[in-house]
Amino acid sequence: MAFIYDEPSHTFGEYLIIPGYSSCECVPSAVNLKTSVVKYRKGEEECPLTMNIPLVSAIMQSVSNDTMAIALAKEGGISFIYGSQSIESEARMVSNVKSYKAGFVVSDSNIRPDATLADILALKEKTGHSTVAVTEDGTAAGKLVGIVASRDYRVSRMSPDEKVSSFMTPIDKLVTGDENTTLKEANDIIWDNKLNSLPIVDKNGTLKYFVFRKDYSDHKANPLELLDSHKRYIVGAGINTRDYEERVPALVGAGADVLCIDSSEGFSEWQKKTLEWVRGKYGDSVKVGAGNVVDREGFLFLAESGADFVKVGIGGGSICITREQKGIGRGQATALIEVCKARDEYFERTGVYVPVCSDGGIVHDYHVTLALAMGADFIMLGRYFSRFDESPTNKLNINGSYVKEYWGEGSNRARNWQRYDLGGGAKLSFEEGVDSYVPYAGSLKDNVAQTLAKVRHTMCNCGALSIPELQQKAKLTLVSSTSIVEGGYHDVVLKDKGLSSAE
Ligand code: IMP
């Protein structure tokens with residue numbers, strides 16, 4: 001007879017945290033959200049890859065491209081670039097992130113020296129930027145011959161036909177940096193010379209970037225940004241159990257810091273083979289997570305197969321219809337609690353700590369704190385990130401409200417058959433995800449700041465200043481359905497809804 005669990009499985013929304021004692025030192029600004037991403041011998045060595053915040057963005061077309069990866073790394077987390085695209089284009093996205101130099105921007109206002117003041121004014125109107133690079137061919141990658149800034153012309157006193165070459169600041173009067181200039185050095189040059197911008201040119205005099213005075217302050221405004229040893233942003237990438245022999249070398253070559261096998265169900269020989277291949281070719285130098293699993297056995301299987309982290313979650317994603325279609329899955333909270341216990345048991349036995357990622361099903365910000373308290377080292381989110389400016393999808397106005405598109409990897413739109421393939425290959429026989437809209441929510445930076453402010457506050461309520469401390473101290477309780485109702489506002493009429501809805 002089939003094994004039947006005695007207890008039902010539960011979701012995040014069925015749990016609450018019971019506050020513990022907090023001392024005066026326990027303030028949100030003192031909370032450290034640093035967390036480990038890949039396995040290590042805890043107590044004996046440092047974790048080789050950590051994040052400054054416990055959030056990663058989902059391996060999905062509608063979530064994680066290079067723009068998202070840069071924005072999230074600025075805040076201290078990691079994006080996993082989606083794998084349901086050609087190897088070349090995934091590798092290109094990874095290399096775009098790695099070659100992005102924080103604070104170094106490619107000029108978007110460029111003009112030729114024989115253009116006129118009228119052209120400058122039109123360009124300023126179009127781009128909104130007052131610093132214009134004058135290059136021989138008028139492109140962002142042309143030979144720099146000068147710069148025009150607002151102080152170089154007076155519209156009221158000059159003819160609109162006046163040539164740019166006659167009023168620009170020419171190259172021999174400009175201070176420039178070369179390709180080896182670091183952001184810190186660029187900033188020092190800007191301050192020492194009282195500049196607003198510093199052009200960076202290569203040895204042939206070709207314009208490469210601008211560093212702007214204001215961008216350095218932005219850079220300083222991201223104290224948690226996640227950088228590698230060469231000061232490049234850290235980025236992850238999704239792989240599958242089919243074309244890994246070609247995809248992994250391309251992604252590693254492009255500079256991916258961590259990979260993750262993207263699969264709806266990870267307790268499989270396919271994952272073991274993929275992990276073994278990566279270990280055989282690269283040893284421990286390439287980091288690769290695996291999943292998804294929802295129980296102890298699944299975790300132990302992947303940990304023993306060599307996974308650097310294990311991802312938990314089947315059927316809980318907001319766009320997911322796997323449970324309806326196939327009847328597989330488990331309440332995310334129950335799955336996570338069981339897997340985290342297995343992780344601790346594995347650590348006791350082997351001395352190796354394999355981080356756990358809770359994937360999918362985060363609806364409210366406090367679910368992040370719950371997942372951490374239940375033992376997750378970090379959380380993967382799809383819907384959450386899809387709502388921001390930085391996600392790759394269209395922003396639309398539907399009936400007066402702004403929305404963004406968000407679709408599942410198992411939907412007909414994404415057709416990520418490798419994620420769902422059980423050996424049939426090269427097609428999706430039925431959908432496991434939907435195509436949807438989510439309310440547009442603005443910038444990643446503002447939203448992540450608010451979410452993490454809540455996480456930090458709740459951690460203080462538990463007397464915890466770090467994630468491991470939260471996991472040790474947190475007390476969780478299941479709540480009844482009546483007390484869930486009690487948790488929202490109740491028995492009052494919201495002013496903006498009007499009294500007519502009071503009856
Ligand atoms: P969300 O944060 O609740 O939106 O869940 C995102 C997670 O759902 C992803 O990280 C995947 O694990 C999972 N997922 C993505 N696409 C699909 C799909 O089409 N069907 C089922 N699960 C999906």
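Here the Cβ of each residue, glycine as well, is placed from N, Cα and C on the backbone.
Here is what TrEMBL says about this protein:
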DOMAIN    168-226  domain 'CBS'
BINDING   Asp262, Ser263, Ser264, Gly313, Ile314, Gly315  NAD(+) binding site
BINDING   Gly315, Gly317, Cys320  K(+) binding site
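Structure with TrEMBL features highlighted.
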| residue | record | DSSP class |
| --- | --- | --- |
| Asp262 | NAD(+) binding site | coil |
| Gly313 | NAD(+) binding site | coil |
| Cys320 | K(+) binding site | strand |
Summarise the domain 'CBS' (168-226) as counts of helix, strand and coil residues per DSSP.
21 helix, 15 strand, 23 coil
Just checking: which of the binding-site residues Asp262, Ser263, Ile314, Gly315, Gly317, Cys320 have a C-beta under 6 Å from ligand 1?
Gly317, Cys320
Other CB atoms, at most 10 A from the CB of Gly315 (NAD(+) binding site)
25
Could you list the residues of the same chain, at least six apart in sequence, whose Cβ is under 8 A from the Cβ of Ser264 (NAD(+) binding site)?
Asn292, Ile314, Thr322, Gly410, Arg419, Tyr420, Glu432
Pop the Cα-Cα gap between Ser263 (NAD(+) binding site) and Cys320 (K(+) binding site) into the table, whole Å please.
13
Do me a favour and check the Cα-Cα span between Gly317 (K(+) binding site) and Ser263 (NAD(+) binding site); whole Å is fine.
13
Quick check: with Asp262, Ser263, Ser264, Gly313, Ile314, Gly315 left out, which same-chain residues have Cβ atoms within 8 Å of the centroid of the NAD(+) site Cβ atoms?
Glu265, Gly266, Gly291, Asn292, Lys311, Gly317, Cys320, Thr322, Asp359, Gly360, Arg419
Measuring Cα to Cα across Asp262, Ser263, Ser264, Gly313, Ile314, Gly315, which the record gives as the NAD(+) binders, how far apart are the two most distant ones in Å?
14
Suppose you look only at the domain 'CBS' (168-226); what would the mean pLDDT be?
89
Neighbouring CB atoms within 10 angstroms of the CB of Ile314 (NAD(+) binding site), all protein chains considered, total 26
Enumerate the residues of the same chain, Gly315, Gly317, Cys320 excluded, that satisfy the criterion Cβ within 8 A of the mean position of the Cβ atoms of the recorded K(+) site; list them in sequence order.
Gly313, Ile314, Gly316, Ser318, Ile319, Ile321, Thr322, Arg323, Gly329, Gly360, Gly361, Gly408, Glu432, Gly433
Excluding its own, the Cβ atoms lying within 10 Å of the Cβ of Gly317 (K(+) binding site) add up to 28
Distant-in-sequence Cβ neighbours of Asp262 (NAD(+) binding site), under 8 Å, six or more positions away:
Ile59, Phe80, Tyr82, Gly83, Gly238, Ile239, Asn240, Glu409, Asn416, Gln418, Arg419
